[in-house]
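Engineer: Pasting the relevant annotations from TrEMBL:
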TRANSMEM  12-39  transmembrane segment
TRANSMEM  71-91  transmembrane segment
TRANSMEM  127-147  transmembrane segment
TRANSMEM  154-175  transmembrane segment
TRANSMEM  241-264  transmembrane segment
TRANSMEM  284-307  transmembrane segment
TRANSMEM  328-351  transmembrane segment
TRANSMEM  363-382  transmembrane segment
TRANSMEM  389-411  transmembrane segment
TRANSMEM  423-444  transmembrane segment
Amino acid sequence: MPGLETSLVARRCLTFATGLVECLCFAGAVFGWASLVFVLKQEGYFSSLCINATGINSTQVLDCSRQDEQFSLVFTIASFMNNFLTLPNGFLFDRFGTTVARLILKLIHFCLFPSVLPNLLFPALSLLSVGGILFLMTNMQVGNLFGSHRSTIITLYNGAFDSSSALFLVIKLLFESGVSLRASFLFLSACSGIHLLRTFFLLPRNFIPYPLPDHYTYGYESPTDHTDTNSKHKKSFRECLLSRFFAWHLLWLSVMQLRHYLFIGTLNPMLQRLTAGESSLVSQYTNAFAITQLCGVLCAPWNGLIMDRHKGKPRRAGESEQEADLRASVLSLFLTALQCLLFSVCASTPYLPLQYLTFILQVLNRSFLYGGNAAFISVAFPSCHFGKLYGFVMALSAVFSLLQYPCFALVKGALNGDPLYVNIGLTVLTLLAFIHPLSVYLHCRRVSSQQAKSKAISASS
């Protein structure tokens, strides 16, 4: 049926393309916090916390450290909610499917954007995080439509999620051109109609299964989508949650995520310190940081290609597809940890021009980190548990990421604004991320050795 096949291919390509635009323009906007803070300061948010203080040579200066601390708290809570509420979102997605999850998402976004007022900044940014992660979660399953490129598409969507932080850069540039913050958010709220159309026409009501059945259809033509069942030979959710893979993967994600969150949350005061408070330089480096975030969508697919590089090639004798996927993931996990180490070293160096390199390493590592996180969960565990496991790992890593606020308070207090010792401590902490790729490598080698022994025994008998 050539006509049906052509129609299915066209719909899958349209689903992929529109999902990429959706993640790129809306999902991870909260991580453009550095650009939004610049606008919020211009708008006078929390300006009452700035006080007159005596500076060098008894000159009067405006001390806005408490304002910076309040903004840091907003981002800490928003980033925590972004991860922690992924847990109920994951259960919601696995239990009720795509349509229900996205309808709840659109309700959040429709109510959210017009209400970004000073007294609602905390809940508004938190809800923005929750909605964004639902966008990503419901779109990552699109990778199942393209089996041989599954990990590449999952990582590409995660890269688009990172790059969507540039949305706040656009809002910042519009603000500097005379467009009010409220007008920008009202426009974003009006985009909800487009997302609703995509929900009903280009996504399944339940889930996209993997492996994909022949002539699989979805959307308005398919009243009952295929749902992936938890077969008897698959691990239970409890077994997955208590496995060594999950524990080391959680540590791998948590230590690197903490490093990124602390860097993003303290970027503005760090630039204030390195530029001696020169507003034009702060704006220049803030723009440079936001622009580099756009490159996340270009960096992330390389991680997926690393994980998909064995697809289409003959597997080792006796090796299953999952075992081949796990073996391919070792290099991805190791490179991600190495990138984070280099990023942390650069971020710890108090030299302003070096921060351009820090920005590049940061966006490269973030793209590998979140894309690799989702891709590893998809290959290491049954797909019927993906939403719950993804939610659990993000929620538990969110609890760990709360350490960023006491770190910030320590820098502002006992360390008198000098983050050197905190940065050194975080750099050492990132070394723990190398345990995960080592664990997966040893597991793959052990499985390969067992298969070789079994083959030798079979041959001798």
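Going from the start of the chain as shown, residues are counted 1 onward.
Glycine residues also receive a Cβ, built from the backbone N, Cα and C atoms like all the rest.
Structural setting of the listed features?
Structural biologist: Under 8 Å from some Cβ of the transmembrane segment (154-175) lie the Cβ atoms of residues 19-20, 23-33, 35-36, 38-39, 42, 132, 135-136, 139-140, 142-143, 181, 184, 286-287, 290-291, 293-301, 303-304, 307, 363, 366-368, 370-375, 378, all in the same chain and six or more residues away from its ends.
Outside the transmembrane segment (389-411) by six or more residues, the chain places 69, 72-73, 76, 79-91, 133, 137, 237, 240-241, 246, 249-250, 253-255, 257-258, 261-262, 265-266, 373-374, 377, 381, 417-419, 422, 426 with a CB less than 8 A from a CB of the stretch.
When Cβ-Cβ distances below 8 Å are used as the criterion, the transmembrane segment (423-444) is approached by residues 244-245, 248-249, 251-252, 255-256, 258-259, 262, 323, 326-327, 329-331, 333-334, 336-337, 340-341, 344-345, 347-348, 407 of the same chain, each at least six residues removed from its ends.
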Engineer: What stretch in 71-91, 284-307, 328-351 has the biggest tally of Cβ pairs under 8 Å against the transmembrane segment (12-39)?
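Structural biologist: Answer, by Cβ pair count: 284-307.
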Engineer: Among the recorded stretches 71-91, 127-147, 284-307, 328-351, which has the greatest number of Cβ pairs closer than 8 Å to the transmembrane segment (363-382)?
Structural biologist: 284-307
